[in-house]
């Protein structure tokens, strides 16, 4: 079944180099410009204002939720609102403790260190963070053999912003050192429509309101997907010579791209069909699903499942995953209890 990887999926929420370029051009600078995530924004606004009034570094922030929801963008906005510099890296990029020490030593008072995929930090690297986050110091081991000794290095107060799609994989000692923990939710159709309209201005194109709504409905609650689909639909509209992207062109384009009215693509439908046709709709164990899809279990849980769960196409049970009646109807199967 494995014929389309996450980076190739038009509705895949994982970031590509093209996505990063697009998102950089679309990135808001202030919380007031950041569309959606109202609860997170209102709380962060208070925390930022309080920290600035006390002339202190903002407390450490953990942002978690599915990919493509704007965690990196929000980190940059937070740093900008605080009036400080942000240094960006990722968990896999920090291979050893020395790499983290080098990053920390470059920070000025109040600066933000942003670590994406923080759940993928190596254990020795994570342990260096403990004292850095809690007491703003690190111990560096220098010398060899009998001359080995630890050097106590103070750090300026800084803010660590960690982003993760797998909050459950963070160790308790690391998670407990974050004073602010925010859950990023899937976006509403209304917020996605606003994002699409805003992005169309940046892309120097026009889109009819009803077309923007249709695009928002199929964007899986994810701004990254919405912007990617907007670019592709824009291509179809320009080839047709439309001055503004129409609803007809939007529907036709998404049909050709195999994105249905619920935002499911060919890969989603194959996964659901496999569960229905091979296992009677479930329950199916996660390892069995992974073997059929040709992915590891982490990819299933992180990439495929979140949207299917959120939209009610599958459920989790103690014995595995089951397909819902909604999925049967969406794929044109008779309801399960009628079979």
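We number each residue from 1, going along the chain as drawn.
Here the Cβ of each residue, glycine as well, is placed from N, Cα and C on the backbone.
Among the candidates 217, 218, 220, 224, the residue that Swiss-Prot annotates alongside 26, 27, 68, 71, 72, 73, 134, 135, 136, 177, 187 as binding ATP is 224.
When each of the binding-site residues 26, 68, 187 is scored by how many other Cβ atoms sit within 10 Å of its Cβ, 26 comes out lowest. Here residue 321 (DNA binding site) comes close to 275, 282, 283, 284, 285, 286, 289, 305, 314, 315: these same-chain residues lie at least six apart in sequence, with C-beta atoms under 8 angstroms from its C-beta.
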